[in-house]
Amino acid sequence: MVDSLLVGLVMLVGLVGVVVPVLPGTALVLAAGVAWAVLVVDGGAGRWVVVGVMAALFLAGLVLKVALPGRRLSGELPRSTLAATGVGAAVGFVVLPPLGLLLGAVVGTYAAEARRVGPGAPARESTVRVLKAVGLGVLAELTAAVLMIGTWLVGLAVT
C-alpha cells in the first residue's frame, strides 16, 4: 500500500514535470511504472502489460510533443530564431532557474522575430504563434502522462 502510494507520488511529480521543464515529466511517470512492476507488484504478466501500455503512451507523447509544433511551424521559423530561443532559454535558466528557462525562451524568440519581421506587433504575433505551437506539444505530452497514470491506476486495481 505505502509502496504504491510512493509510486503514485512520483508519478504526480512527473506530471508536474511535463509543465515545469526542469523535471523529466513523462519519463519519470514511466520509470515509476517500471519500478512499481519490478518492486511492488507480485508476479504475473499483468504488470508487464501495464508497463507496455505505459511505454507505448510514452512514445506516442514523445513523438507528438515534437511533431505537432514542428508541423505547425514548418517553414515559418528560420534556424536563427530557433537558436535564439535556445540561447534565451539557457541564459534564462542560469539567471532565474527554473522559471527563467521559459521566460528566456520567450524573450529569445521575441528578440529574433523582432530582428526578422520588425519590432512590435509583427514580432509579438510571431512569438505568440510559436508559443501556441509549443503549448500544443506540451498538451500532447500532458495527455500522454495522464493516460499513463490512468493505465497504472487500472493496473493497480486489477493486479
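Using the three backbone atoms N, Cα and C, a Cβ is placed for every residue, glycine included.
Just so you know, TrEMBL annotations never went through curation; they're auto-generated.
Taken from TrEMBL, the feature transmembrane segment applies to 12-41, 48-68, 88-112, 133-158.
Touching of the transmembrane segment (88-112) and the transmembrane segment (12-41) is concluded from the presence of at least three CB pairs under 8 A, sequence neighbours closer than 6 excluded. Long-range contacts of the transmembrane segment (12-41) within the same chain: residues 3-4, 47-48, 50-51, 54-55, 58, 61-62, 97-98, 101-102, 138, 141-142, 144-146, 148-149, 151-152, 156, 159, each at least 6 residues beyond the stretch ends and with a Cβ under 8 Å from a Cβ of the stretch.
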